[in-house]
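Taken straight from TrEMBL:
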| type | residues | note |
| --- | --- | --- |
| BINDING | 71, 73, 143, 254 | divalent metal cation 1 binding site |
| BINDING | 183, 206 | divalent metal cation 2 binding site |
């Protein structure tokens, strides 16, 4: 049964202090959920066929025998009509856990209804007292970051405003000793530089769109990078994976976006697309990719371990 964790990101997550911080409680259903700002986790059933069959051998069930989707939007309106089926399909695809993310406060209720164990906050100033109250249950802070695309930036002042927000978000994460889930569209280098300047040592850079050489600066700082299924049609992502050590790679789908087919709804079950491409590029088995990326996710988000049950 998959375990669902989430964090929220409102648009760019930068104009307001809408840094979602997640917590987890005891699971109530077949889907367990944890929140962080734009990030939720789902625990899928242990693989019985699928992966073991494709790898050419049968592997004994173990707690960590499955994939972790570190970033998806299971509460998005695209899934309103068939979310239960989507989640069931993710289980069949071998999903052990998924970090589901919300883009605005209105999605929190949906995620809570799905998981019965989620808690979300939008405005950071208003959230601080609640964060303090539930700090022992939080698993991360995200989605936070910088977005320097024209949609959000018209001048240098906009960039500086975003940086100030990210600094505050990073401070909260450090105080709570929690990892950051980071958005860095068209802002890879400044995002990594700011994280390093702020002393952030635990961060996931989701769907990183910068140069491999810039990503390697993040690798040196100990950061992780999650790869979506769109890698099969993205030359930038393909070059990125060739450079990144497997020990710094996690998996994500960013569902319903960034799927293997452009403008076709993406789903968490497509996590295998990312894993299979990475296995070919790295010259290792699919099972190795699964095991290493899952361990990476659990190293970055250690509180997920207690949420994942066989």
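Cβ atoms here come from the backbone N, Cα and C positions, even for glycine.
Taking a C-beta cut-off of under 8 angstroms and a sequence separation of 6 or more, residue 254 (divalent metal cation 1 binding site) has the following same-chain neighbours: 71, 72, 73, 206, 207, 228, 230, 266. When the Cα atoms are compared, residue 183 (divalent metal cation 2 binding site) and residue 143 (divalent metal cation 1 binding site) turn out to be 6 Å apart. There are 27 other CB atoms within 10 A of the CB of residue 73 (divalent metal cation 1 binding site), with all protein chains counted. Around residue 143 (divalent metal cation 1 binding site), a 10 Å sphere centred on its CB holds 31 further CB atoms from the protein chains shown. There are 27 other CB atoms within 10 A of the CB of residue 183 (divalent metal cation 2 binding site), with all protein chains counted.
DSSP assigns residue 254 (divalent metal cation 1 binding site) to coil, not to a helix or a strand.
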